[in-house]
Each structure stands twice: as C-alpha cells, then as structure tokens.
Amino acid sequence: MAAALAREGGEDAFRRLFRFYRRRDGLDLRGVVDFSAPGNQVVSSQLSISSVSDQDAYRAGLEPVRQWKAYSLDGYPGFIFIPNPFLPGCQRHWVKQCLKLYPQKPNVCNLDRHMTAEETTDLWGQSKEQLRRKNSSKGEPKSLLEKLRWVTLGYHYNWDNKKYSADHYTPFPSDLAFLSKQVAAACGFQSFKAEAGILNYYHFDSSLGIHVDESELDHSHPLLSFSFGQSSIFLLGGLKREEAPTAMFMHSGDIMVMSGFSRLLYHAVPRVLPNLEGTALPSCLELALPSDFPDGSVIEHSSEEDWQVCAKYLQTSRINMTVRQVLPDGQSFPEDSEQTAVSKDSYHQVDSKAKRHKPNADS
C-alpha cells in the first residue's frame with residue numbers, strides 16, 4: 001500500500017504517506033527501511049576513522065569509530081545513518097540529561113508559554129514520584145515531564161518568527177557539544193560547532209509535522225539527530241513535498257546525519273511505535289554503565305533511583321536530540337541581531353492528540 005501511494009506522485013505525495021504511517025489500524029511496515037537489517041536501497045557509507053581518537057570516542061560514550069556501521073540511501077547524498085554506536089549503559093546518561101538537567105532554566109521549554117517560571121523551575125523534582133508510581137491507567141493525570149514537548153538549548157529557536165538571535169542564548173551543554181563534535185568529525189565535519197539544540201519529547205500519540213530545517217545562517221554544516229527510547233518511523237523526502245519520501249525506522253541509540261544535498265530535504269515523524277523487540281524497553285537500555293567506567297568521560301553514572309524514573313518515562317516515550325551549527329565559521333549574527341532566513345513549512349514541535357501546542361494540518 002505504501003509503495004502504491006509513493007508511485008502515485010502528484011500533489012503532496014509526502015502528505016499522503018505521512019497520513020498512511022500515521023494510521024492506527026492495519027499499519028503495513030513492510031516498506032520501512034530498517035538499518036539494523038539493511039536491504040537493497042541501503043549502501044555502506046565511509047567514515048573518517050582517523051578524525052576521532054579511540055579515547056575521545058570513549059569519553060563521549062561511543063564505540064571506537066572503526067567499529068561503527070554507517071549507511072546511506074540511494075538518491076539521498078549527504079544522508080548518513082549510524083545504528084547505535086553507544087557503549088553499553090551510555091544511552092542512559094543522555095536520557096537522564098534530557099529529562100533531569102536540560103529542561104532546567106535558563107533553557108526554554110514549551111511549558112514556559114503556559115506556566116510561570118517558578119512552576120517550571122524543577123520539572124524533574126515535581127514529576128519523579130508521580131512517574132515512579134505510574135501505572136497503565138489512561139485516566140491517570142500526566143506529570144509535568146509527560147507534558148514536556150520540546151526544550152531548546154544554546155541559541156533558542158523562536159517558533160513564531162522561525163529565527164535564531166544573538167540576544168536569546170544560553171550556554172550550550174558541554175557534554176552534548178563534545179558528543180556532537182565527535183560524531184560530526186567522524187562524518188567528515190571536523191570544524192562542526194554545536195550552537196543550538198532542539199530536544200523533542202514524543203509519546204505514542206505524538207508526531208512531528210512535515211518541515212525543512214533551514215533557519216540556520218549556514219547550511220554547509222550537518223544536522224545531527226540522536227534517538228533514545230521507543231522506536232519511530234522517520235520520513236525523508238525531497239526538495240518539494242510532491243516527491244514521495246522514504247520511510248525508515250529510528251531505534252534507540254541510532255544517529256542520523258543530514259548534510260549536503262540532504263540537509264534541506266523535507267522530513268517528518270508520523271509515528272512512534274512500541275518497542276519492536278516486544279519488551280517494555282529496548283534491550284540496549286537494560287544495561288547499566290559499568291562501575292569501572294573511567295574518569296574523564298562526559299558520561300555520568302545514573303543512580304538506580306534516577307534510572308527507574310527515566311525507564312518508566314521511556315516505556316511510552318521517545319526522546320530525540322537534534323544539534324546544529326547556526327553561524328558560519330568565525331562569523332556572528334548580522335547587525336540587527338536577527339538572521340533573515342525564513343523557514344518554509346518549518347514545524348519542529350512535537351504534536352500530540354492529547355494537547356496541541358500549535359495547529360498541524362499534517363497530523
């Protein structure tokens with residue numbers, strides 16, 4: 001069915017496939033590319049192994065680059081997919097950061113639009129006991145962390161005018177900057193500097209609308225995407241919405257890099273799926289960080305108490321970190337402090353049936 005829709009072409013083929021994978025009943029996943037078992041459309045991608053030392057990879061919680069598998073897709077130059085290169089236990093650090101640390105002030109989140117600064121000061125502290133006790137009842141009230149849809153880091157994206165500005169900035173997290181630098185270097189972008197991040201928080205009823213990420217002043221640098229928790233279907237299309245997209249799975253720990261031609265392609269997330277392994281959490285999240293993990297790493301040990309909260313959250317959720325460089329190398333914002341590029345159809349907020357923060361015709 002998906003293949004038939006793709007062949008139709010015509011007006012807004014992307015939207016038709018978005019709706020197809022958004023459907024709840026009788027979903028056909030046979031046309032979805034799975035990089036854990038790559039097929040014909042998938043080709044191996046070369047990495048710059050010498051650009052990242054084993055020590056730096058280890059400090060970022062990653063396997064040595066020579067052990068990574070990397071793939072690209074026919075027809076999508078500049079697109080690189082790296083299936084889970086994280087060392088055992090290291091994904092837990094990033095999940096905890098996204099739930100406990102990164103939502104803290106002065107970073108910005110969707111709840112700031114509806115609540116006072118005092119009410120959003122400690123989302124983790126206000127939510128952890130409620131999450132720990134949570135059962136499967138649909139009528140149970142949501143914790144504040146479950147109402148979280150997005151957090152912005154570094155240069156904070158303005159959802160209203162689709163711009164970044166010099167005067168809306170907070171220090172970018174050093175651990176995430178280090179991780180991003182190693183991944184970018186391994187993909188051939190040694191000068192990459194993490195300057196802005198958008199964290200998206202998905203649940204089983206969430207989707208991410210069709211959009212292009214083009215608000216950054218410099219598009220020569222890649223867009224990095226890190227996925228944790230439940231799996232999702234990601235759609236990667238063309239320069240126009242009339243071009244039918246390719247559907248692919250993103251599993252926990254997977255990294256996606258969009259660069260060159262693929263940097264400005266339409267993409268979307270129509271669906272979050274329960275763990276395809278049939279267990280509450282993917283097996284890669286079941287392992288804790290080894291007790292003898294060396295000092296000097298950006299990866300921190302998570303307490304068992306903290307991980308219990310994170311694990312309960314992830315049973316019905318997915319977290320995605322996207323990192324980008326906003327400014328050209330060695331340059332600053334224009335005189336007016338706001339860049340002038342306007343994003344076409346830019347929509348990077350997670351939409352949920354439970355509570356919509358912005359109308360989204362594609363959901």
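Heads up, the Cβ atoms here are built off N, Cα and C, so glycines get one too.
Any TrEMBL annotation is an automated prediction that lacks curation.
Taken straight from TrEMBL:
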| type | residues | note |
| --- | --- | --- |
| BINDING | His211, Asp213, His267 | Fe cation binding site |
| COMPBIAS | 345-363 | compositional bias 'Basic and acidic residues' |
| DOMAIN | 193-327 | domain 'Fe2OG dioxygenase' |
| REGION | 329-363 | region 'Disordered' |
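Neighbour counts of Cβ atoms within 10 Å were compared across the binding-site residues His211, His267; the minimum falls on His211. Its Cβ placed at the centre, Asp213 (Fe cation binding site) has 21 other Cβ atoms within 10 Å. Here the domain 'Fe2OG dioxygenase' (193-327) has, by DSSP, the following mix of helix, strand and coil residues: 19 helix, 51 strand, 65 coil.
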